[in-house]
Every structure is written in structure tokens, then in C-alpha cells.
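Chemist: My questions will all concern the structure given below.
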Amino acid sequence: MLIRYGIDKAGKRYERARIYTLEEHRISRQKIDKEALIITDRLQREGYHAYIVGGAVRDLLIGKTPKDFDITTDAQPKKVRRLFWNSRIIGRRFRLVHVHFKDGKIIEVSTFRSNEPGADNNDFGTLEEDVERRDFSINALYYDPKKEYVYDFVSAMKDVRSKRMRSLLPLETTFQDDPVRMIRAVKYAAAGQFSIPFGLRKAIRKNAGELENISSSRMTEEVFKVLEGGSSAAIIRLAEQYGLLSFMIPSLLEEISGIGGKKAFREFLSLLDELDKRIAGAGEPLSRGELIQRIFGPYLRLPGDEGYDQLFKTAFRGFKGLLSPLTPPNLDVENAVKLLFDERGIVKEKKKKKKRRRRKRTKKAPSEEGTRLQEESVQAPASGSDSSDTGSSGSSGS
């Protein structure tokens with residue numbers, strides 16, 4: 001292990017970070033996403049610092065395969081955008097760069113954030129300042145693929161190894177500043193089997209109501225990340241224990257409660273278990289339409305006296321109601337309806353084509369004028385022979 005030292009205001013040297021080598025952290029470059037390596041390598045060749053950060057490092061350390069590889073760098077968004085033609089800058093609150101690859105794959109690149117008093121979310125800073133803005137210690141490890149070092153500024157490696165959650169921000173304000181952190185805390189704890197200490201548990205329960213302040217689009221993304229992650233049953237179970245679930249899927253939860261209380265909720269968790277197994281065995285992510293159909297479809301009641309087109313509209317509205325306040329794209333909801341209809345054997349009746357009756361052709365009776373002309377053509381002398389005779393006599397006379 002290497003040590004990075006800093007100098008405090010009194011001029012004394014202190015331990016700033018611990019640097020773990022390959023022999024200690026056991027993360028090989030071969031375990032890193034190829035496109036993520038392309039990005040970090042190019043940034044470093046251009047003279048910038050670039051690290052794999054957050055959940056990817058955490059997951060690799062505990063033996064899990066990361067779903068996403070996020071990158072952080074000292075290159076500002078416009079600089080990153082110039083280096084990658086397949087990228088674009090997104091966000092107002094947090095300006096980030098999304099680098100796009102085939103099959104819809106996106107890798108997120110953020111710039112170090114400043115932690116100076118009064119700094120906003122788009123004031124850029126140093127690596128050390130960026131660490132101080134991370135939510136939990138287990139997300140504050142930085143991996144350099146070139147040197148194969150893991151940088152630890154906050155004793156995060158100790159927390160990862162002991163499977164313990166720890167907030168890096170004051171518990172009095174962290175969840176008020178960003179309520180989504182509560183969902184993420186539960187997600188990290190359940191998916192990675194991390195323990196949540198008493199103080200953190202208490203703060204989550206106390207601030208659960210802050211989730212009402214989250215926009216529907218942001219809540220939609222967080223809930224679908226839970227469903228897509230392969231640990232949805234454990235996460236939803238823990239979210240319910242901490243009072244978060246009624247803000248995440250309130251309409252569906254109300255429907256489940258109306259069916260049969262705790263027993264119905266246990267059946268819902270079994271449904272999520274099946275989803276997790278399906279995701280684990282699929283080898284590729286499920287479409288959001290299929291996620292909606294699998295989780296919300298069993299609770300959708302449909303009338304039996306409507307035609308296909310009207311029933312489709314009814315099912316669409318029903319899904320939207322169960323999803324509320326989540327707002328996935330309408331196309332995903334339409335796909336969910338189609339999958340539900342396939343499952344329930346609801347098909348659109350083909351319209352019977354009317355056979356065209358052939359009309360019998362009748363011979364038209366010739367008109368009076370037509371009959372007269374026909375008779376005249378039969379009775380008239382051959383004009384061609386008269387002309388021939390006249391022509392012959394004229395020729396001999398000359």
C-alpha cells in the first residue's frame with residue numbers, strides 16, 4: 001500500500017489518501033468495460049486525470065459484475081465533448097457528458113466538483129474536493145486503470161471490506177438536499193448486503209417524506225433501476241421497512257393492499273423474485289415494456305365486454321394508473337399492453353372480407369342506327385373493284 005500525504009494549514013504533513021495496488025485490491029483491467037477503458041485511456045493520453053469511480057469499483061471489490069461504469073476526470077465537459085465525437089453534454093443541475101456506443105450503451109463522464117463554500121453543482125474542483133461531495137464512503141473509491149491503483153481518501157476500503165454503509169455528508173441535511181440518496185442507500189445495502197448503522201436508519205425513516213419532492217421523471221428512473229438490477233425483491237422489501245415504498249410505487253401498493261394486505265405483499269415479493277431470476281438468466285437487460293408487464297400486469301383488471309381497440313385503450317389507462325406517479329414513455333406502456341394481451345390470449349379479430357358478387361355480362365342489343373349501318377355495309381358494292389376498272393380504261397386511252 002502506498003500513502004499520499006498532504007500539508008495542513010499549520011505546515012504539518014498528514015496522510016491524505018491510501019493507495020491500494022493490484023496485489024491488494026485484485027481488480028484487473030480485464031474486468032473493466034472495454035469502452036470505459038477507451039475513454040480513460042484517451043483522457044489520460046491527452047494529459048488529464050481519469051478514474052473509474054463509484055458503484056463499479058464497489059461492485060468489483062465485492063465480486064459483483066457492475067451494471068454501469070462511471071468515469072470522473074479533471075477535464076471539463078466541453079473538453080470531453082471535443083475528444084469524443086459520439087458524446088453530448090447533458091443536464092443543467094449537473095453538467096455531465098454521455099458517451100454513446102452501439103446498442104444504446106452510454107458511459108457517463110463527470111468532472112471533479114468543487115466543495116468550496118458557496119460553490120454550485122457546476123463549479124469544478126480537484127479530486128480531493130470531489131471525494132467530499134460523494135454520498136456514501138463505499139462510493140468514494142477511485143480506480144486508475146492505467147496504474148491499476150485504487151485511491152481511498154475516506155477509509156472507504158475498510159467499510160467495503162466490513163460491508164458497512166457510512167454517509168460522508170451530515171445526516172441532518174443529506175437527505176433533504178437530495179432525497180433520492182435514501183433510495184440509493186437501501187439499494188446499496190440490499191444488493192451488496194451492506195449493513196446500515198442505527199444513525200443512518202433513523203435518518204432515512206425520519207426523512208422518508210422528502211421523496212414527495214422528487215420529480216416524477218427522476219423517481220421513474222430510480223424505480224426502474226431497482227427493477228432492472230436483479231435484486232429488486234431484497235431492495236423493495238427493505239424500502240418497505242424504512243417507509244420509502246409508499247412514495248416509490250404508491251398506486252400499485254394501494255392495489256396490492258386492497259387485494260389482501262400482507263399476504264398479497266408477500267406474493268408481490270415472490271413476483272419480484274421471479275423477475276430477478278429472469279434477469280439473472282437472460283444475459284441481457286429486459287425491455288421496460290416487459291418489466292411493466294411482469295410487475296404491474298398481474299394487478300390490471302380488464303372488462304370482458306369491450307372490443308380489441310377499446311380494450312387496448314382501457315389497458316393502457318390501467319397501466320398508467322398503476323404506475324402513477326411514475327411516467328415511463330408511452331411506447332413502453334403500449335408494449336406492456338401488447339405483451340399482456342399475448343399472455344392472456346387476447347387477439348384482434350380479423351374483419352371478414354365481403355365477397356364481391358360477379359355480375360353476369362349480358363350482350364347488348366344493337367341499336368337501330370348500328371343495325372342500319374351494318375346492313376348498309378353488307379349491301380354496298382365493292383368500291384375497290386370499280387376504281388380498278390376505271391383506272392384500266394383510262395390507261396389504255398392514253
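Cβ atoms are placed via backbone N, Cα and C, with glycine included.
Predicted automatically and left uncurated, TrEMBL annotations should be read as such.
Feature table excerpt (TrEMBL):
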| type | residues | note |
| --- | --- | --- |
| COMPBIAS | 349-364 | compositional bias 'Basic residues' |
| COMPBIAS | 365-375 | compositional bias 'Basic and acidic residues' |
| COMPBIAS | 383-398 | compositional bias 'Low complexity' |
| DOMAIN | 50-166 | domain 'Poly A polymerase head' |
| DOMAIN | 194-252 | domain 'tRNA nucleotidyltransferase/poly(A) polymerase RNA and SrmB- binding' |
| REGION | 349-398 | region 'Disordered' |
Chemist: When the pLDDT values for the domain 'tRNA nucleotidyltransferase/poly(A) polymerase RNA and SrmB- binding' (194-252) are averaged, what is the result?
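Modeler: When the pLDDT values over the domain 'tRNA nucleotidyltransferase/poly(A) polymerase RNA and SrmB- binding' (194-252) are averaged, the result is 97.
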Chemist: From the DSSP assignment alone, can you count helix, strand and coil residues within the domain 'tRNA nucleotidyltransferase/poly(A) polymerase RNA and SrmB- binding' (194-252)?
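Modeler: Breakdown, helix to coil: 46 helix, 1 strand, 12 coil.
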Chemist: With helix taken as DSSP H, G or I, strand as E or B and everything else coil, how many residues of the domain 'Poly A polymerase head' (50-166) land in each class?
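Modeler: DSSP classes over the domain 'Poly A polymerase head' (50-166) add up to 32 helix, 35 strand, 50 coil.
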